[in-house]
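One structure is given here, and the rest of the page talks about it.
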Amino acid sequence: MKKPTPALSIIMLLYAIFAIIAIWRALSIQAIDLFSLGVIPVLVGLAMRTSWAGIAFKVYLFIQTLGLAALAGAAIIAYQITPEDVKVVINNQEIPVPLIAVSGVLLLAFQFWVAFSKTTKAYLVSGTTE
């Protein structure tokens with residue numbers, strides 16, 4: 001398999017966008033964190049079809065899952081204390097918390113499906129044997 005599947009191509013495109021945002025964020029606030037910049041080695045590994053790319057992809061996916069679980073836990077606890085203060089505002093535009101939760105779960109589910117699919121494994125294995 002010479003080209004990535006459409007699903008893996010979508011993941012790689014999203015990760016490229018996230019990598020640009022992570023680099024911009026790291027330069028603007030002058031702080032580095034694994035949650036943001038961890039996407040770069042995963043993207044490089046997937047693009048170069050290295051032997052470690054599958055493991056890096058899955059580890060980064062589990063880091064994202066832990067992050068979403070922590071965010072959900074904090075939101076649930078905050079909602080129990082003061083429900084009116086649990087809101088997300090970006091550029092004076094309030095975004096509904098359920099929309100963020102559903103979007104996060106769908107994005108994680110799609111990434112899990114791609115990470116553990118046989119076609120992704122075949123793509124990465126064929127890249128290391130060529």
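Numbers here mean position along the shown chain, with the first residue as 1.
The backbone N, Cα and C atoms fix where each Cβ goes, and this holds for glycine too.
Remember, TrEMBL labels are computer predictions, not curated facts.
Within its own chain, the transmembrane segment (7-24) is flanked in space by residues 36-37, 39-40, 42-43, 46-47, 110-111, 113-114, 117, 119-120, 123, which lie at least six positions past its ends and keep a Cβ under 8 Å from the stretch. The feature transmembrane segment is assigned by TrEMBL to 7-24 (among others).
Annotated transmembrane segment per TrEMBL: 30-47 (among others), in sequence order. Note on the transmembrane segment (30-47): residues 4, 8, 11-12, 15-16, 18-19, 21-23, 53, 56-57, 60, 63-64, 67, 124 of its chain, located 6 or more positions outside it, place their CB under 8 angstroms from a CB of the stretch.
For the transmembrane segment (59-79), the residues of the chain that approach it from at least six positions outside its boundaries are 34-35, 38-39, 42, 85-86, 97, 101, 104-105, 108, 111-112, 115, judged by C-beta separation under 8 angstroms. Look at TrEMBL and you will find 59-79 (among others) tagged as transmembrane segment.
Annotated transmembrane segment per TrEMBL: 99-116 (among others), in sequence order.
Sequence-distant contacts of the transmembrane segment (99-116), counting only residues of its own chain at least 6 positions beyond either end whose CB sits under 8 Å from a CB of the stretch, comprise 5, 7-8, 10-11, 54, 57-58, 61, 64-65, 68, 71-72, 75, 88.
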